[in-house]
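Participant: First the structure, then my questions, so here it is.
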Amino acid sequence: MGCVQSFRELCDRQKNTNVRLSLPAVCIVWQTAMIILFGVFIRYNEESSPRWVEYRKAKNISSDIENDFYFRYPSFQDVHVMIFVGFGFLMTFLKRYSFGAVGFNFLIAAFGLQWALLMQGWFHSLDYSDGKIKIGIENLINADFCVAGCLIAYGAVLGKVSPVQLMVLTLFGITLFAVEEYIILDLIHAKDAGGSMVIHTFGGYYGLSISWMLYRPNLDQSSRLQGSVYHSDVFAMIGTLFLWMFWPSFNSAITDHGDGQHRAAINTYLALAATVLTTVAVSSLFQKHGKLDMVHIQNSTLAGGVAVGTAAEFMLMPYGSLIVGFCCGIVSTLGYIYLTPFMEKYMKIQDTCGIHNLHAMPGVIGGIVGAITAAAASESVYGHEGLINTFDFEGEFKDMVPTRQGGHQAAGLCVAICFGVGGGIIVGCILRLPIWGDAADDNCFDDEAYWEIVSVKKKL
Amino acid sequence: MGCVQSFRELCDRQKNTNVRLSLPAVCIVWQTAMIILFGVFIRYNEESSPRWVEYRKAKNISSDIENDFYFRYPSFQDVHVMIFVGFGFLMTFLKRYSFGAVGFNFLIAAFGLQWALLMQGWFHSLDYSDGKIKIGIENLINADFCVAGCLIAYGAVLGKVSPVQLMVLTLFGITLFAVEEYIILDLIHAKDAGGSMVIHTFGGYYGLSISWMLYRPNLDQSSRLQGSVYHSDVFAMIGTLFLWMFWPSFNSAITDHGDGQHRAAINTYLALAATVLTTVAVSSLFQKHGKLDMVHIQNSTLAGGVAVGTAAEFMLMPYGSLIVGFCCGIVSTLGYIYLTPFMEKYMKIQDTCGIHNLHAMPGVIGGIVGAITAAAASESVYGHEGLINTFDFEGEFKDMVPTRQGGHQAAGLCVAICFGVGGGIIVGCILRLPIWGDAADDNCFDDEAYWEIVSVKKKL
Amino acid sequence: MGCVQSFRELCDRQKNTNVRLSLPAVCIVWQTAMIILFGVFIRYNEESSPRWVEYRKAKNISSDIENDFYFRYPSFQDVHVMIFVGFGFLMTFLKRYSFGAVGFNFLIAAFGLQWALLMQGWFHSLDYSDGKIKIGIENLINADFCVAGCLIAYGAVLGKVSPVQLMVLTLFGITLFAVEEYIILDLIHAKDAGGSMVIHTFGGYYGLSISWMLYRPNLDQSSRLQGSVYHSDVFAMIGTLFLWMFWPSFNSAITDHGDGQHRAAINTYLALAATVLTTVAVSSLFQKHGKLDMVHIQNSTLAGGVAVGTAAEFMLMPYGSLIVGFCCGIVSTLGYIYLTPFMEKYMKIQDTCGIHNLHAMPGVIGGIVGAITAAAASESVYGHEGLINTFDFEGEFKDMVPTRQGGHQAAGLCVAICFGVGGGIIVGCILRLPIWGDAADDNCFDDEAYWEIVSVKKKL
C-alpha cells in the first residue's frame, strides 16, 4: 500500500487536458491497426458470404429464413440500441457532462467492437483450415456484449478521465474480457446467456478497481457539477428505458434457437417488472417525506435484468424471475443509499454512476442464482433432450451432471471477479501515469475540458 | 347527483402528499402477491419450455424458426417501446411534471403487466389439464396491450393524482380490461386486432369517468404549471414519434401469421400518414396567423392508428386506411380546439392530455369502421379460406356470416363503452377517499410533491 | 446568371409567414388526391392479401414464416425510426428551431411516403394484368427510402423555408427520385442496395442546388439563432445515434434474402465504427486545444454508412468496409471545417446542416466504391451462383460481366448527380416565387414564424 501511495503522489502533477495530439494519434493509429488486422484475419462466414446458396443446398436447408441472421438480427439491433443509446444516455444525468457521457460512450464503443471482433474471434470463431476468423451476426452481438463490459467500467470513472484514458481502458478491458470469457465459457464450461458474470460482474469490478486506483481525494472541489438538473434527469430516463425495454433481447440474443431465446426473453421481462416495484418502494421508504429519488429510478430498476442474466435460459420459472427481480430492486436501491457513500468515504472508491449497485452486486447475485438453478436442474423438468440442449452436455462434457454444472457456474463467477479486480488494478496503475490528459480535481464533470462549447451557455 | 356532491365534499379535506408508508406498502405487498400467484399459476408454454424439442418433433415442425417467438418478437419489442417510451414521453410535455409522467408511467406499467398476465391468463391461456396458465410471447404482448388501457386513463388524470391512486387505478383497470376483453373477443366473437374497442375506447372512457369523479373546481390555482416549455415539448415529441412509428407493430402484433400481420402493418402505416396531413391542416386553419400548435402535432397525428385498429387485419383497402386517417386527423384536432375546453367548462371533465380526442373518439370511430368493414366482407374479396381465416369462422362460429359479424362488432363496441364508463365511475369513487395522498388543487402538475428535486432548479 | 439575378430581385419582396390558407389547402387537397389515386391504383399484393393462403399452397411454400414480411419487417421498422426520429432529431440542434426540425420533417415524410408508393409503384410494382400497383412490405421500405432523399434536401434549407415550400420540395423530389431510380436501377442495371447514389447523392445535390437558388445574402441577420445550445445538442445526438445504430438495417433492408441481408448489415456496422474514430481524430486535431466539436460528432460519424451503401451487399470484405469508413470520417469532418464555410462565402450555397459533407460527398464516394467493387468481382470470390445472385445477371442481363457492371455503376452515379443538380435548380426556381410564405432574412431559424409558442419562453 505504501508503494501504491508513493506512486499516486508521483502522478499528481499539474493537469493539462489538451489532448490535441494524443487523442488523434490514438484514434488514427489504432484504427489503422484494426484495418490491417481485419485484412489479415477477418472474413465472412458461410451464412454471410455469397456461397450461402451452395452451402444451403449442401446442408439441405430448405429456406433462406433459416439463415442465423433471421434468428438474431432483431435482438442484435436491440442490443445495439442498449450499447449506444442505453448506456450513453443513462450517463447524461450530470448537469454539464452530457456531451462526454454520450460522446465518449460512442467513441469507445465504436473502437471496442472492432477489437472485440478480433479478440473473441481468435478464441471462438477461428477457422483452423485457413487461419481466418469467420464472422456472422452472432459475432456482432458478442462484440457488442464485450463492449458493454467496458461501458460499465466507464460508469465508475465518468467525468474524471480523459478520452485517451478511456481508449486505454477499453483496449485492455476488451482483451481481459475475451480471455476471461474463454476461460469461463469454454474451459470451465459455465453457461452465461445474459452475461451476469462475464459482462456485469467483470465490468463492474474492473471499473471499481480502476476508480480505486484513480482515487481523487479532492474531488469535492468539483461538487458543484456533480449533480443533475431537471432536464438532464429526463435525458437519462431515455437511457434507462431503452436499457430496460430491450434487456429481454440482451439476455436472449445468443441463447439457443427456439425455446432458449423464447424463455430467456420471458424471464428477463418478468424480473425487470418486479424490480421496478421494489425500487420504488425502497426509494420512497428511505427518503424523508417519502419522495422518490431519480437516481434510484434511473438505475436500480435495471438490476433485475442483470441478475437474471445467467439463469435466463434455464428453468428459472416465472415466479423465480419475479423473486430475483424483487430482491435486486431492494439490494440495489439500498446500495445507492448506504453503500456508495460508504465506499467513497471509507474505501476510497468514487463510483460516479453507482455501478457497484447496478452491475457488480446484481451480477454476483446473478452468478449465484445461475449456479443454484443449474445445480437444481433435472430431467423431469427439462426433459431428456431439453436438459442436454440447455446445458450443452455434449462432446467432452457429455458426462456432466447438473450438480457439477452448478459447481462450474460458481467457479466461473470467481474467475470473473478475479479478472475484474486484478485487471482493474493493473490498468488503473497504467492510467495513473501523468500523460493521459485527465482533468484536475476542481475541473471534473465538466464538458468544457474536452468539448467546444459556446460560451453564452455558461450561464445555465 | 346530490349524493355524488356530498361525497365529494366529504373527501375534500386537507391534502397531504406524503406517501412514505402507503406507496412502499402497496408496492411490496402487491409484488409479493404477484410472486405467490405466479408460483401457483404461471408456467412456460410448449414453445418456451425445454420440451419444445420434443413438441417440435411430435408436431412435425421442420424448424426452430416456426416457434411463435420469431413471428412476434420484433413486434413485441416495438409495442414494449410504445408502452414505456411512447406513453411515458408523450406525457412529459408539462413543464414541471416530466418525472411524474415518465416515472409513474414506468411504475404502473411494470405492475400492470404482471397482473395482466394473470387476469388474461385465467381467461385465455388456462390449461385445464393441470390448472396452470401457460405463457409465451403472445401473452407478453397481450399484457402490454392491457397495460396500455390503463396508461391511456393515466393521461386524463396526469398531474392530479398520487402514485398510490395510480396503482389502484391500474389494479382495477387491468381487472376490468380482462373481463371486457373476454366478453368482446370470446363471448361476442368480435375481432379487435389493434384494440380500437378493447384498449382505446375502454381506456379512454375509463380515464374520463375517473377524471369526472375526481373533478377539481379550483384546478386553475395550478394553471401556472399546466403548460409546456420549449424543451418539454421536444421531449414529448420523442413519445409521439415512437408511438407513431411503431403503431404498425401494435396493430399487427397479434394478428394471424402471414398475410394478417402483413396487411395490418400496411393499413396502419397508411392511416397514420394521412392523419399527419389533416392534423397539420386543421391546426393551422384554426389558429390565428396559421401557426401550428404543438399539442395537436403531438397527439392528433396518432388518431389514425387508433381508428384503424379494429379493421387493420380486414380488407380495409389502402385507400380505406387513408380515408380513416384523413377523418381522424380532422376530428381529433377539432376535439382539442373545441371539445376539451367545453368538457372542462360544462361537463366537469378535466382531461390533462386530451385522451378523449386521441383515444376515446378515434376508438369509437375505429369500432364503427370495423363493424362496417366486417359486414361488407365477401368471399369474392377474401377468398373462401381467407374469409374463414380472417374472421375465425370456425368451431362454434362456423355458421357465422359477415353481416352478422358486423353486428357482433357493434355489440363489442357498446360493451367497451359501458365497461369504461361504469368501471371509471366506480373506481373514481374509490379514488376520492381521502387516504391516497393526492395533491391539493394549487399543487397539481408539480413534481415537487412526489420527487426529490434539487432546490436550485426552482429558478427555471 | 444575369437572368437568375434579376429573377432573384423580383422575388425579394416583403415577407409574410402567414400560411393559414396555403398550408391547409396544400395538405387537404394533396391528401384528397392521394386517396383518389390510391383508390384507383393501389391494392395489396399476394403476400398481404387474404389470398396468401391459396397462393402459399399453389407455390408450395411450406410455412407462413416465408412471407416476405418476416424477412423485412424488423429492418423496415428500423428504417422508419431513422426517417422520423433519426432525421427529425438530428436537425433539432438549432437553439430555436427544434419544432420546425422535428415537426416539418414529420409532415413531409408523411406526405412523401404516400406519393412515393404511387410513383415507385408505377415504375416497379404495376401489375399489367389489371393495371393496379400491388404493395407489400418492400414497397413501404422503398417509400421510406424515397422520402429520405427529400429529408436530406431539407437539411440544406433548414430554417430558411416555409412548410409549404417543403411540401413542394417533397412533391417534386419524390417524382424526380422515382424517375432517376428507375433509370439507374432498371434501365442502367446498376445495383444500389443502401442508396449511396439514388438516395444520398441525389438528395444531397438536390438540396444544395435548391439552397443555391434560394441564396439569402443577408442571412447573417439571423446569426443569433443559427447555433446550438447545450441541450439542443443532446437532442440532436438522439437523431445521430438512431441513424448510426439502424444504418445496418437501412443498407440491408431490401437486399437479397439470406446472405445478402446478412453481409450488408456486417459491412455497414464495420464502416460506421471506423468512421467514428477518424471523425474524433480530425475534429480534435483541427480545433485549438484539441477540443471536440459536437457538429462533427453529430454528422460526420454517419458518413461511413452513406459511403458503404452501394457496395454493402458486394464482397467489400470486412477490412474494405473499415477502409471506406476510415476515409469518410476524415473527408466529412474536413468538409465541415473547410468546405462548408468556403461554399457559403464563395459559392453562395448556404447549407444549414452540412449535407454536402454528410450525404453528397460520401454518396459520391459510395458510388465510386460500388463501381470498383463491382468491377473487381469474380467467380472465385462469389462462387458461380453467388455472382449471378448478387448482381442479378439474369434475364436480359445474363451476359453481363463484372467489369461492365462497374461501368454501369459509374453511369448510375452520373445520372444521380445530374438529376440532383438539374432538378434542384428547377425546383429552386419555383420555390423563389414570392407566394410560399417563407421568412425574411432576419427571421430565419426561428420557430416563432410557424408555431404557437408561449411567450414566457422568449427569455430563454
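Glycine is treated like the rest: Cβ placed from N, Cα and C.
Annotation comment: TrEMBL describes B:67-450 as domain 'Ammonium transporter AmtB-like'. Among the features that TrEMBL reports, transmembrane segment is placed at B:21-42, B:97-118, B:139-158, B:164-185, B:197-215, B:235-254, B:266-286, B:319-339, B:410-433.
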Participant: Please compute the mean pLDDT of the model over the domain 'Ammonium transporter AmtB-like' (B:67-450).
Facilitator: 94
Participant: Out of B:97-118, B:139-158, B:197-215, B:235-254, B:319-339, what stretch is closest in contact terms to the transmembrane segment (B:266-286), meaning most Cβ pairs under 8 angstroms?
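Facilitator: Against the transmembrane segment (B:266-286), the leading stretch is B:319-339.
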Participant: Looking only at the recorded stretches B:97-118, B:139-158, B:164-185, B:235-254, B:319-339, which one has the largest tally of CB-CB distances under 8 Å to the transmembrane segment (B:197-215)?
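Facilitator: Going through each listed stretch, the top one turns out to be B:139-158.
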Participant: Determine which recorded stretch among B:21-42, B:139-158, B:164-185, B:319-339 has the most C-beta pairs below 8 angstroms with the transmembrane segment (B:235-254).
Facilitator: B:139-158
Participant: Does the transmembrane segment (B:164-185) come close to the transmembrane segment (B:97-118), meaning at least 3 CB pairs under 8 Å for residues 6 or more apart?
Facilitator: yes
Participant: So which residues does the transmembrane segment (B:319-339) touch in its own chain, when a touch means Cβ under 8 Å and the partner is 6 or more beyond its ends?
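Facilitator: Result: 266-268, 270-279, 281-283, 286, 293, 295-296, 299-301, 303-304, 306-308, 311, 354, 356-358, 361-362, 365-366, 369, 373.
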